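In what follows, a structure is listed as structure tokens, so that the remarks can point back to it.
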Amino acid sequence: SWLGGPWLLGLMAQLLLWGSPGAWASYLRRSSSCMPIPHRMALCYDIGYSEMRIPNLLEHETMTEVIQQSSSWLPLLARECHPDARIFLCSLFAPICLDRLIYPCRSLCEAVKRSCAPVMACYGYPWPEILNCNKFPADHELCIAAVSMDDNSSSRRMPRASCKDCELEEASTAREILESLCANDFAVKIRILRKNTTTTISDFDLDPSRVEVLKHGPLLRTEIPSRLQQWLDIDATCAHNIMRGTHAGVFVVSGEVQSDKVVVNKAYAWQKRNRNLHQAVRRWKHHRCPEQAG
């Protein structure tokens with residue numbers, strides 16, 4: 001199962017140790033039924049348990065309504081904004097079928113909101129009031145806690161999706177590539193490695209021995225590897241799209257510097273058949289951008 005291990009086992013252990021039910025861990029106060037999570041419910045099928053309660057914690061009364069409403073969250077999940085986003089959403093859409101209501105912890109809601117709300121805002125959607133984190137229990141009560149380390153407790157920032165769709169570019173002509181390099185703050189040829197990971201978000205590393213700086217712009221050459229590793233850490237969607245399922249690859253990337261981070265605008269795969277890209281990189285050493293020529 002997708003996450004049947006740590007978080008579900010932890011929840012069962014809490015139930016065994018729990019005493020009398022509190023305000024957020026009371027027995028079900030209304031009629032409900034246990035139903036199998038259907039294949040058609042892509043958001044929560046194979047989440048780690050097989051049955052859910054209807055009505056759910058968002059007051060959806062029928063499975064048809066649950067499937068319809070939950071499917072609208074799949075695009076956000078595809079943006080990989082937080083590794084616990086699926087657990088959080090499924091705890092509400094498909095609550096685990098136990099003898100009491102088990103809500104997500106407030107800290108889980110806050111962690112997911114912190115990473116995912118900015119991505120939703122990119123597309124004009126506010127964080128809905130029905131997911132107001134203040135409605136959920138504090139961590140010391142019985143609730144579903146976060147599985148992943150958040151940026152408040154880890155030296156490495158939580159991967160965050162970018163608002164900008166980032167895809168590999170076709171190396172059209174050498175001239176167009178040179179114009180693109182001129183238009184961006186920096187340009188580098190790098191090798192990216194996909195790390196083995198058990199999380200739902202892909203994890204990537206920069207090969208520090210394979211960094212060729214074509215243009216450093218406002219950055220120091222020595223800081224480029226660390227800044228690019230930061231980009232790989234926080235922009236999971238962009239890196240995932242560039243890699244296209246491969247475990248390693250060499251790319252020419254260019255972008256801009258925005259205060260404390262770099263943003264990649266263009267990425268080309270360094271392959272033998274990309275003759276225009278090879279030609280552009282060779283010509284770059286002697287190329288003068290329009291502002292330089294003036």
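Including glycine, each Cβ sits where the backbone N, Cα and C put it.
When the candidates C81, C90, C133 are compared with TrEMBL, only one is recorded as disulfide-bonded to C109, and it is C133. Record source TrEMBL places C44 in a disulfide bond whose other cysteine, from C34, C81, C90, is C90. The average pLDDT computed over the domain 'FZ' (29-146) stands at 89. Summarising the environment of C90 (disulfide bond), the number of other Cβ atoms within 10 Å of its Cβ, over all protein chains shown, is 27. Neighbour density for C133 (disulfide bond): within 10 A of its CB lie 17 other CB atoms from the protein chains shown.
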